[in-house]
Amino acid sequence: MRLARGIKYAVIGAGVALFGVLFGWVMFPAILKSQLKKEMALSKKTDVRKMWEKIPFALDFKIYLFNYTNPEEVQKGAAPIVKEVGPYYFEEWKEKVEIEDHEEDDTITYRKMDTFYFRPELSGPGLTGEETIIMPHVFMMSMAITVYRDKPSMMNMLGKAINGIFDNPSDVFMRVNAMDILFRGVIINCDRTEFAPKAACTAIKKEGAKSLIIEPNNQLRFSLFGLKNHTVDSRVVTVKRGIKNVMDVGQVVAMDGAPQLEIWNDHCNEYQGTDGTIFPPFLTQKDRLQSYSADLCRSFKPWFQKTTYYRGIKTNHYIANMGDFANDPELNCFCETPEKCPPKGLMDLTKCVKAPMYASMPHFLDADPQMLENVKGLNPDMNEHGIQIDFEPISGTPMMAKQRVQFNMELLRVEKIEIMKELPGYIVPLLWIEGGLALNKTFVKMLKNQLFIPKRIVSVIRWWLLSFGMLAALGGVIFHFKDDIMRIAIKGDSSVTKVNPEDGEQKDVSVIGQSHEPPKINM
């Protein structure tokens, strides 16, 4: 009976330990992975789909303008001196509209709509948006550079057009309220009868219809972000839903129905990466993340830097920069020719935004050192100006993100235009923006409850089952071999020592299995 009971204990214990191993290390991870595949795909009525369609909280949107403190000297060829003004803080609410699912190829199409709300109390000290900013006249310089590059024979006519439209300006700078250049709009006076300004305004209306607001009396209003505010974007984006393969979720496959761009060379025209609002799960440190930026007409590939923590959740920290187009083979195709690549850290956006602009990291971080020599007042700092993203790797959830970019323009020297003939010819900063995400306690708690608490519970259970099973199995074995173990133990402790009378010394004697006979007494 004892034999059967001992074997039973050992078998039960081994079974419990085996179940703990199978459940904790094999079954549960497989179940979790399967469940995540379902939850992270853009299926209808899932929580992820709802959040993807309309993010239920505001993102940070900060704008920093550069105020030029020596415009008169710059007009004569001196290096600009700038002072950063900001941040101007806006809440950014993102949603997707006109959404359509396409079952046959597992894709979904949408247009995006962003809405901005100014929050002066979260902006820089004392900033109201009514501050006067002195900066290069973006619209005027864009006109001049575009004509200079594309139609140099019309430069004389352009000079007359600038004088007519901008009322005989004395320099290339504008003095505007911050909120005017950002959202409300700067007036462009096209109410002219002279041939040159009238012809220029006709061309402006035709080419700039998507970036200008046409007012009564032949006036135009130009702003950097005004037409993006609470306006449905004209571009139709097509992305993968990830139902058939969750690793494809959010991958951009077309813009306006086109499977690739037609403005760059080779693979630079490809849409690589997600739309930036969702990422695939099961990320490893070796994975090279990719997201496509429609505003910059290119993909970004952040790389893993270190492991860190966000509100108690372990995350992978990624960083990125603008790149070196001349020396990076992956980026060469953004240049018309290798000889025409912009300086390190700058990207020519002319083909993308239809305006002579350059993108860089704020304060020319990671750019050619000459850029900092040409402009005084910049102080690049990786923590303040770099692109940073923290991902929870299992679910692919961005926990914290700082997406930063600076927009720049060349102060091009043009001999045939009076106010441009002595400009220094430097690429100079206009403004930089930061789009920020930081999951609040509510959503972090949701992630913990849905993912990490179950994992911890299972982790405790699996180790408990394994430990209990091993102890039970060991106890069963000991119980089964108890008699043999006791016999071996007792035998190991018994000893018989021979007594030699010559020694004159009594030795300890232990005799097992013999009776003691009393000594005889001789009478």
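Keep in mind that glycine also has a Cβ here, set from the backbone N, Cα and C atoms.
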Record Swiss-Prot, residue C333, disulfide partner from C201, C268, C297: C268
Partner cysteine of C352 (disulphide bond, per Swiss-Prot) from C201, C297, C335: C297
Other C-beta atoms that fall within 10 angstroms of the C-beta of C335 (disulfide bond): 18
Cβ neighbours within the same chain of N440 (N-linked glycosylation site) - under 8 Å, at least six residues apart: F57
Under 8 Å by Cβ from N67 (N-linked glycosylation site), same chain, sequence gap 6 or more: V82, K83, E84, V85, I133, I134, M135
C341 (disulfide bond) versus recorded positions N229, C297, C333, C352 - nearest by Cα: C333
Cα-to-Cα gap, N229 (N-linked glycosylation site) vs C297 (disulfide bond), nearest whole Å: 20
CB contacts for C333 (disulfide bond) [other CB atoms within 10 A, all chains]: 15
